[in-house]
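**Q** Marked as Mg(2+) binding site by TrEMBL: D23, S52. According to TrEMBL, the feature sn-glycerol 1-phosphate binding site maps to Y172, L173, E174, A175, G176, S177, G178, G203, G204, G225, T226.
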Amino acid sequence: MNIYTEIVAAKKKGQKLLAVLIDPEKMKIGEVHSFIKLVNASVATHIFVGGSTDVDHQIEHIVTEIKKYTILPVILFPGDFSQVTTKADGVLFLSLISGRNSEYLITQQIAAVPKLKKSSLEVIPTGYLLIDGGIETSVQRTSNTNPLPQKDLTQILHTALAGEYMGNKLIYLEAGSGANIPVSPAIINALSNELNDPLLVGGGIRTIGQLNQAYEAGADMVVIGTAFEQNTAFFNELKKEITNENIR
Ligand code: 1GP
């Protein structure tokens, strides 16, 4: 499986992708099977696993359990290097380029190398931008960086383009898990017009309307966690009502 090649191919065809985010701190091992059954029956195309923290080091167990029940690509979305496990298919190798904390620009990346070297994980360099989602989110707290205000469109655009010029293969706009305000369609639109990289958008997307808005504005992949955690019926609602026929 080449995860990145498939994302690029979907973008070329205009197919939209949906990642379900599983936070290892919020899911118990015993809940994984039934949750993954719902994911498999839904329109989701990818599973992301990770969180700002994983105090009990559950991620490897959770990923191993997920892999038993699905053929969807399982991609790590790590809050720090300790969340890298060889049991997944790939890893978003994140650089928090909206921030100025060297810990999340290079230190954590170096710390991840010993595990990555020994693994067959597909490593996908990803420029990660934290955008103000209206509340202080855990990614903001943990990373100790300030989000970019949504009104600073030029700064957001230039940061994303710098991320692309630096060689990142994906650009990820993050309003933060549980954000009040998702990344605006205007920002998504401006970036998708200028970037070559596939564009991922997540944080605070809870409704079919918001999901469709993000796709229509140019998001190639939307990442949703909280809405599925809080209401598993959302999987079915999406299936019935999603207007975007291009989603797999
Ligand atoms: C993925 O952090 C988000 O980018 C997930 O956000 O939990 O608000 O869906 P939600």
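All residue numbers here begin at 1 and follow the chain in the order shown.
Every residue, even glycine, has its Cβ placed from backbone N, Cα and C.
On a predicted model such as this, the values are computed, not experimentally measured, just so you know.
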**Q** Distance between T226 (sn-glycerol 1-phosphate binding site) and D23 (Mg(2+) binding site) at the Cα atoms, whole Å?
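**A** Here the two Cα atoms are 9 Å apart.
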**Q** Other Cβ atoms within 10 Å is the metric here; tell me which of the binding-site residues G178, G204 scores highest.
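**A** Buried the deepest by this measure is G204.
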**Q** Out of D23, S52, Y172, E174, G178, which binding-site residues have CB atoms lying under 6 Å from ligand 1?
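**A** Only E174, G178 meet the Cβ criterion.
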**Q** How many Å separate the Cα atoms of S52 (Mg(2+) binding site) and G176 (sn-glycerol 1-phosphate binding site)?
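**A** Cα to Cα, S52 (Mg(2+) binding site) and G176 (sn-glycerol 1-phosphate binding site) are separated by 10 Å.
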**Q** So how many other Cβ atoms are close to T226 (sn-glycerol 1-phosphate binding site), meaning within 10 Å of its Cβ?
**A** 19
**Q** For E174 (sn-glycerol 1-phosphate binding site) and D23 (Mg(2+) binding site), determine the Cα separation and express it in whole Å.
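**A** Given the Cα positions, E174 (sn-glycerol 1-phosphate binding site) is 15 Å from D23 (Mg(2+) binding site).
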**Q** In angstrom units, rounded to an integer, how far apart are the Cα atoms of Y172 (sn-glycerol 1-phosphate binding site) and D23 (Mg(2+) binding site)?
**A** 17
**Q** Identify, in sequence order, the residues in the chain of G176 (sn-glycerol 1-phosphate binding site) that are 6 or more apart from it along the sequence and have a CB within less than 8 Å of its CB; answer 'none' if there are none.
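**A** G176 (sn-glycerol 1-phosphate binding site) has long-range Cβ partners L130, G133, I135, T137, S138, V139, Q140, P147, G203, G204.
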**Q** Would you kindly give the Cα-Cα distance separating G178 (sn-glycerol 1-phosphate binding site) and D23 (Mg(2+) binding site), rounded to the nearest Å?
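**A** Their Cα atoms are separated by 12 Å.
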**Q** Tell me, if you would, which residue among D23, E174 (binding-site residues) has the fewest other CB atoms within 10 Å in the structure shown?
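**A** Candidates: the binding-site residues D23, E174. Fewest Cβ atoms within 10 Å: D23.
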